[in-house]
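S.K.: Could you have a look at this structure, given as structure tokens, before my questions?
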Amino acid sequence: MSLTLNQRIWMLAWPLLLSNLTAPLLGLVDTAVVGHLDHPRYLAAVALGGNFFMFLYFSFNFLRMGTTGFASQARGGERDTRVVLLRGLLLSMVLGLVLVALSPLLRETGLWLLGGSDEVQALAKDYINIRILGAPAALANFALIGFAIGTHNTRVPLKMTVLMHSSNALLDVLLVQVWHWDVRGVATASACAEYIGLAGGLFWLRHALRPPRQREPVWQLPAIIALMSVNRDIFIRSLALLSTFFFFTAQGARLGDAVLAANAVLITFLLILSNLLDGFANAAEALVGEARGRNDQRSLQQAIAATGRWTLGCAALGITLFALGGAPLIGLLTDLPTIRDTATHYLPWVLLLPITASAGFWLDGIFVGATWGSAMRNTMLLSVGIFFLLWALTRGLDNHGLWLTMNGFMAARGMCMGWVLWRRLSRPDTTRLSP
């Protein structure tokens, strides 16, 4: 029995929703284990090192996005999907080894930007020196997850996430609590978990590595150029996006410790919203890419419309959750009266995020599936320009101005991408959906 489009979307999305919800557990386990050591410097060092890798690996998320787009299009066009995975894995491994080679420079630059006491920085260096050895596997996992989404095997990312988290937790306890390796144990556990996840992903996707009857060369120059071009554009887009959050955090710090801490609490709401929306954005990637691979304009429009409705429902759910549970969640995240009161004061701005931000997440999925990398880059750069313009105009409003700027940036991102989508779908030649 064939599934309806909405059923297909849900079957694609629910494993990714669960995977997104469990993703923060890696940091929570590390925090819980190190938090029971005899000095707070260990926890501070792990937090510092964890932030370093969060920003570093986020910058390379293009490996996941690019692989998803090309894999879904190959699936839709009934072409060889195996070469997409092999190209993604080869590129990931090469970039991972480059990160290991450049780790001293990256480490010193990152710790200089992140700050911290000399004692904490020394421990953070140990953490980074060890965990960076997991970079080839971490980047390869991006390619595996992207391929799994693009080929509609969305349960594989969930299995990989559960395997990595459980392995990390067991190794944390063994290396930190039993063998007393402190931050070195946490870093070793995280690096090992990446390789364990990679092994699991390769096992669960082993059927995709079997050579098809009609093979496509892995080293096909036009395909390699297309892959590098899309990945380059999404990389620039990711760096531009990161710059806004760096700037937002830095400007909050200028307004005092209470505002900085309160903003950190409120950004958690945006992370919750993104985890909620990303499952359906990933479903859009798979379905839009499949339709584009078949050059099927009707299926493309149906996928866009259906995933848009799911996104609208998630936005409504987000508004409801934030309105009813916003204050209790703030209380759960902090019991310090000053921070709690400050966060509650700015909570109304967070209630706008499901309205201003949801379209951007949804359209990201559409653009990834269509491999419109240059459009993702250009719309993000324009939106970042609007972000800094809004900040310049509202800086006199202090933190209210910052949150107005963040909401304006999210809305601008959605509107810019929406305009590009409308223009491309309006073309009379339905096959010309090129980047």
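Cβ atoms are placed via backbone N, Cα and C, with glycine included.
As the structure is a computational prediction, the values presented were derived from the model and not from experiment.
Not my notes, these are from TrEMBL:
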| type | residues | note |
| --- | --- | --- |
| TRANSMEM | 12-36 | transmembrane segment |
| TRANSMEM | 42-63 | transmembrane segment |
| TRANSMEM | 84-107 | transmembrane segment |
| TRANSMEM | 127-150 | transmembrane segment |
| TRANSMEM | 162-180 | transmembrane segment |
| TRANSMEM | 186-205 | transmembrane segment |
| TRANSMEM | 234-253 | transmembrane segment |
| TRANSMEM | 265-289 | transmembrane segment |
| TRANSMEM | 310-334 | transmembrane segment |
| TRANSMEM | 346-363 | transmembrane segment |
| TRANSMEM | 375-394 | transmembrane segment |
| TRANSMEM | 400-422 | transmembrane segment |
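I'm curious about the neighbourhood of these features; can you describe it?
M.R.: Counting residues 6+ beyond its ends, the transmembrane segment (12-36) has Cβ neighbours under 8 Å at 42-43, 46-47, 50, 149, 152, 154-155, 157-158, 161-162, 164-165, 168-169, 172-173, 176-177, 182-183, 186, 189-190, 193, 271, 275-276, 278-280, 282-283, 286-287, 310 in the same chain.
Tertiary proximity for the transmembrane segment (127-150) is limited to same-chain residues at least six positions away from its ends with a CB under 8 Å from its CB atoms, namely 12, 16, 45-46, 48-49, 52-53, 57, 60-61, 63-75, 81, 84-85, 88-89, 91-93, 95-97, 99-100, 103, 106-107, 110-111, 156-157, 160, 183-184, 186-188, 190-195, 197-198, 201-202, 204-205, 208, 282, 285-286, 289.
Remote same-chain residues near the transmembrane segment (162-180) are listed as 22, 25-26, 29-30, 33-34, 36-37, 186, 188-190, 192-194, 196-197, 200 (criterion: CB distance under 8 Å, separation of at least six residues from the stretch ends).
Long-range neighbours of the transmembrane segment (234-253) within the same chain, counting only residues 6 or more positions beyond its ends whose Cβ lies under 8 Å from a Cβ of the stretch, are 55, 58-62, 65-66, 259-260, 263-264, 267, 368, 373, 376-377, 380-381, 384, 387-388, 391, 399, 402, 405-406, 409.
Within the chain, the transmembrane segment (310-334) has long-range Cβ neighbours (under 8 A, six or more residues past its boundaries) at 6, 9, 13, 261, 265-266, 268-269, 272-273, 276-277, 280-281, 283, 340, 343-344, 347, 350-351, 353-355, 358-359, 361-362.
Using a Cβ-Cβ cut-off under 8 Å and counting only residues 6 or more beyond its ends in the same chain, the transmembrane segment (346-363) has close neighbours at 262-263, 266, 269-270, 273-274, 277-278, 280-281, 284, 307-308, 311-312, 314-316, 318-319, 322-323, 326-327, 330, 399-400, 403-404, 406-408, 410-411, 413-415, 417-418, 421.
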S.K.: Sort out the residues at least 6 away from either end of the transmembrane segment (265-289), same chain, that have Cβ-Cβ distances under 8 Å to it, and list them.
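M.R.: Residues packing against the transmembrane segment (265-289) from afar: 5, 8-9, 12-14, 16-17, 20-21, 23-24, 65, 68-73, 75-76, 149-152, 154, 245, 299-300, 303-304, 306-307, 310-311, 314-315, 317-318, 321-322, 326, 329-330, 333-334, 339, 343, 346-347, 349-350, 353-354, 357-358, 361-362, 364-366, 368-371, 403.
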